[in-house]
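What Swiss-Prot records for this protein:
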BINDING   90, 92, 93, 113, 125, 126, 176, 183, 262  ATP binding site
ACT_SITE  252  active site, proton acceptor
BINDING   253, 262  Mg(2+) binding site
């Protein structure tokens, strides 16, 4: 029996009507070889922890030999890109290979990114380059390490295939896993194409596969949308709390289950700059860090419009009204945890706001500040105050914070121990990713492997790797990244 036949693999998406996808065979790269295999993730699916002597895995994920249990397909969807509707979207470089169940019985998509041309490639070549593949692998695993809902990366390959972008780069492959690759844009495609029966079918399948709790509801489609609103609010609250800027929040990059999706020109905050723009194509700052909560609502409104044949307008409006309430509640809960506060007090929102104002006015590194604050039990308050130019204002805030901490039952030691579990020491700063990419292009993958290890446990000290927690050099701050992949 084939290795693949021994696993719990299905292809349920391929049973949908053909307006949802096109069957496409992957086009292999030249001399594909493993760069990283995520052994910890592999274990959850009974996949081998070591791939170096496992030719069937290499053959399948490089596209050389497609197992009979796979049904490779390119999904069709649409979406609003920078606010404008584009009907001509779909998987232009990636293929959904199959779905595989983990040890708990949960289904995950196996998706191959960089697999070659599809009918939706438009002017692209269907390839992914090493640079963008490294960025997506590292960031998806970094987000998982931070506890933020995200797609995952099972592995990546490099090759001998040259791919032209601004210049020639190395072709690469990413094996992405997600509970679903269904996006807001899938619903938009069906709605704007007037495929209303198919829109209902997709909604039924999304409920069956991802929101079975909605099956018994009087209004199951509304219940589904309420769940999407809730998960989106939670995801974006997590982004704002950790200082993550996605960079390209088009509706075709929004997961219907609230997972961070499609890592392109992302960035983590260095200095706390609310208006930080990480995408150099975002000339108007539509997707700036401080605009992400607003764009989340805009995107949900676009999805609501696409669901209007199934859900009453008044119900959709009420559901959308809950978004900002949920986002605020989730964000407040997360910030209390980051500050070691267990109880909810009336002045907490002002405490958070004054902290952000102070960080912004003094251009203080956000990750470093939160981590230093987590060590306040073993340092005097001056260590925190010295992070600021305006030490007088910083002293006032720290005193206010310490007064607030006295309302908690936890000791300082216990509070700080909890804070160190939610305030990371290591995040994927863009300059670190760039340094790893430069080395990788020279054949040295050591930084990629070190970062993948550190970012899997970002709250731990890792004393031998302190340099990866250092503040960025001036050239490494405010890096704007291209969408080119």
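For all residues, glycine too, the Cβ spot is worked out from N, Cα and C.
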Recorded ATP binding residues, 90, 92, 93, 113, 125, 126, 176, 183, 262 - maximal Cα separation rounded to whole Å: 22
Rounded to the nearest Å - Cα separation of residue 252 (active site, proton acceptor) and residue 93 (ATP binding site): 14
Length of the line joining the Cα atoms of residue 93 (ATP binding site) and residue 253 (Mg(2+) binding site), in Å: 14
Among 125, 252, 262 [recorded positions], residue with fewest other Cβ within 10 Å: 125
Those binding-site residues, out of 90, 125, 176, that come within 10 angstroms of residue 253 (Mg(2+) binding site) at the Cα: none
Residue with minimal Cβ packing [other Cβ atoms within 10 Å] among the binding-site residues 93, 176: 93
